[in-house]
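Per TrEMBL, the features are:
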DOMAIN    A:13-184  domain 'Cytochrome c assembly protein'
TRANSMEM  A:21-44  transmembrane segment
TRANSMEM  A:56-84  transmembrane segment
TRANSMEM  A:91-117  transmembrane segment
TRANSMEM  A:129-149  transmembrane segment
TRANSMEM  A:161-181  transmembrane segment
TRANSMEM  A:201-221  transmembrane segment
Amino acid sequence: MWAFINKLRSPKWFYAISTKLQPWFWAVAALLLVVGTVWGLVFAPADYQQGNSFRIIYVHVPAAFLAQSIFVSMAVSGVVFMVWKIKVADMAAAVMAPLGAAMTFIALFSGAVWGVPTWGTWWMWDARLTSMLILLFLYLGVIALRGAFSSRDSGSRAASVLAMVGVINIPIIKYSVDWWYTLHQPATFTITGRAAMPMEMWLPLLIMVLGFYCFFIALTLTRTRSEILRREVNKRWVRELVEEAS
Amino acid sequence: MHAAPGGLLVAVSATFKRDLTLMLRRRGEVLNPLVFFALVITLFPIGISPDPELLASIAPGLLWVAALLAALLSLDSLFRGDYDDGSLEQLLLAPHPLAALGLAKVAVHWLLTGLPLALMAPVLGIMLALPAGSYAVLALSLAVGTASLSLIGAIGAALTVGLARGGVLLSLLVLPLYIPVLIFGAGAVQAAILGDGIAPHLAILGALFTVSLMLAPWAIAASLRISING
Amino acid sequence: MAFSSLNEFLAMGGHGPYVWAAWGVTALLMLVIVWHARHERRQLLRGVKRRVRRENAHRDALQRGAVAHSPTAQVPVNSVQGDVRNDA
């Protein structure tokens, strides 16, 4: 554990290890996403209630999962950065935030589009959509706060604190929004809130979720490497690396 | 750095008294959120309709949202003056935990913003035809709720105090975190109107306050350190 | 397979526009994200290469003694430090 944390202190080590890892994650992500897309769009049977519009689930649910997981990963990276002063953790947190915001947007957009055939309207104050909207604002806050500081280190630490505060609040927000939603008893059912899903609908969903997670890991590795290059330009190893490559 | 006579309590009460005196000297700043609250509440009947029935049905939410925005308005100045004249740095150098001293400042903020807003809300409730029987709950829920709002908001204020234009950013950071308080605060008033039990709402508001009281001071202290040393 | 023809597949039982809009925006956004990551990496590598080349050229010039006593000799090195934000 300590040996691992000490290794993480070195951006050079992280760069080397992620260079080896990232092609694998990209390959697995591409494979899973292609298989999941074909299976979900072509082979999975239509839903008996919602017809083919339920196929939106295969992008909506993975994006919603990822949106929440990325915020948690960002907060964990923030803790690692604040406690052990590991810069790579902050670089990872910095590149995770825009991806998380993008995933939140995908979840919101696909949910809104799904609402048209299901509820007959583009927007419902559905519990899941409302929490997603709040999550989007939390992401925008973290991104804006990081960018607002002229010193990179202050921006990093401020964003870490805000991510930690946010991650404590996310379950509270989720719980209170769910409670608020049931209190106002809307006449419709939640789009994904059904108990049992047959295997042939559920498996492609699992594959898509795993594909989205691999995509997240692959992209974080790739962009953290870029971030290392950006921040460590003046280090000798970066120069040697670039000279070797050219 | 001077040697501290007396302990933590002395330091906290000194900070509290100093802030209270300073704020009471600037009466305008204390009154502004209250005037803002009254003004926003005036806008709604004009913008929507003077129909008492309609107003009564939306009054709990309106009063809560307007009070929340009024509390937000005063947050930016929570640490700003101390940051500008350097006394915040002195606070950091003090041999006492910054979390406790920050908490004293938040207490003053609540005492001069949250509490007056809570006391004023029933008067505005009359203007919105708020049904009888919910006035006490409105004041009580606002009194407890604004304490959480001050605590959570102080984190945002501490994070943005070093920034030249922190005001807009502050509301972006803080408003999403206010949502649970808003839900249960407005919910309590709504429940009182419908004749449901208000105890669960007030209990959850109390729980939210307890959690923010335990965690927010540490976040405030960490944020102040970042803003000043950065 | 849930569809018997391509047209049926595209129509999605009348829900075509919704399904394709959701999937299309998702696919587009993910492609843009991947493209942006590649583009960013290329730009950075190009920037580092240019910087290394410039400094090597400068060092060679210094060794030849061409600019050894010039007061501007330190400028390129400073400029390298200058546009990096402080990492205290």
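In case you wondered, yes, glycine gets a Cβ from its N, Cα and C as well.
Predicted automatically and left uncurated, TrEMBL annotations should be read as such.
Across the candidate stretches A:56-84, A:91-117, A:129-149, A:161-181, A:201-221, the maximum count of CB pairs under 8 A to the transmembrane segment (A:21-44) is reached by A:201-221. Counting same-chain residues at least six beyond the ends of the transmembrane segment (A:201-221), those with a Cβ under 8 angstroms from any Cβ of the stretch are 18, 21-22, 25-26, 28-29, 31-33, 35-37, 39-40, 43-45, 47, 54, 57-59, 61-63, 65-66, 69-70, 92, 95-96, 99, 103. Across the domain 'Cytochrome c assembly protein' (A:13-184), mean pLDDT in this model comes to 90.
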